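Colleague: Take this structure first; my questions come after.
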């Protein structure tokens, strides 16, 4: 939802993140079926429902691990080989990787669904969920499950391990750079590249956490499947097979929270959605405060006075008397005259015309030529003193 709603999040790297969120969401969408089967003490939707449940589980699980592998490769190319244009991730390449992950998973998940003789989906554990028949005695389903294990667990694990090991080596080498390259590293171009690389490395560590949680969640289930195809059925009980099947779903639950909490852009956009009304009230308060702050700071001369400033001066420049004795002559002062008394103050043309209209000179006084830095009130006060 955040990816499609916020245009700033539609980067090539976030395409893979959105693809991972989609596969995790579909995986968790099977939860009502699992609860319904639990209340009915078995597969309540029959064989067809069991096949659909197993197919969606294999499809989404394999898509998630394939997407995580693609993210690892993207981080490897961005951090270890940033200057190679052929390995740069673009929007087209990211979409192709996402489609490739779904296609890769669909090939392995469709084989048991169509029952080509290489296995099929059967209830497992307490008969409340469905998965590959890893307890079969036939050889061809065993070969398929072992090949599926290598393609969906072993190969991605080796790829991800290589990518992030290389990334960590780059990080360690970057920290241990000699001091003689200090001036080179402080150049503007190098600073920009270093800032970009720090962001890439931070995201790489984030994905490492996600990958670790994924493999911790799926490794017990993979071990149970291997025990079944290698004839160790006596070690597999309903509880021993049901707990890993439930435990592997934790990765789908934790991944979105990790990305939202640690990813600054996702976190910022989520806060905008949650606190939309509150942010509007706060922004209105800030605008009002800024208005009165500007009016309170008008005693400081400014070179460029806006129309709003002139309006504020018109409200404030009301003439007032400074003497209490009626027989004593008094000077006519305004707020604008106090502004002009400061040295180096400059007044705009609109403010000068405003002074002429508010403070009228005596009848015997001839209007002189005004300079840029001296206002009318200052000249009139000097001549009246003479």
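Every residue, even glycine, has its Cβ placed from backbone N, Cα and C.
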Colleague: Of 291-338, 339-386, which span is tagged region 'Disordered' by TrEMBL?
Modeller: 339-386
Colleague: If TrEMBL is the reference, give me the range from 179-199, 242-262 marked as transmembrane segment.
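Modeller: Here TrEMBL associates transmembrane segment with the stretch 242-262.
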Colleague: Same chain only, please: residues at least 6 beyond the ends of the transmembrane segment (242-262) with a C-beta under 8 Å from a C-beta of the stretch. Say none if there are none.
Modeller: 17, 20-21, 23-25, 27-28, 60-61, 64, 124-126, 128-129, 131, 206, 209-210, 213-214, 217-218, 220-221, 223-224, 270
Colleague: If we call contact 3 or more Cβ pairs under 8 Å (sequence gap 6 or more), are the transmembrane segment (15-39) and the transmembrane segment (203-230) touching?
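Modeller: In this chain the transmembrane segment (15-39) does not contact the transmembrane segment (203-230) - fewer than 3 Cβ pairs sit under 8 Å.
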Colleague: Are there residues at least six beyond either end of the transmembrane segment (51-73) with Cβ under 8 Å to its Cβ atoms? List them, or say none.
Modeller: 13, 16-17, 19-20, 23-24, 26-27, 29-30, 33-34, 43, 45, 97-98, 100-102, 104-106, 108-110, 112-113, 120-122, 129-132, 152-153, 156, 159-160, 163-164, 207, 210-211, 214, 218, 248, 251-252
Colleague: Counting only residues 6+ away from its ends, which parts of the chain sit with a Cβ under 8 Å from the transmembrane segment (94-114)?
Modeller: 12-13, 15-16, 19, 23, 51, 54-55, 58-63, 66-67, 70, 74, 120-121, 132-133, 144, 148, 151-152
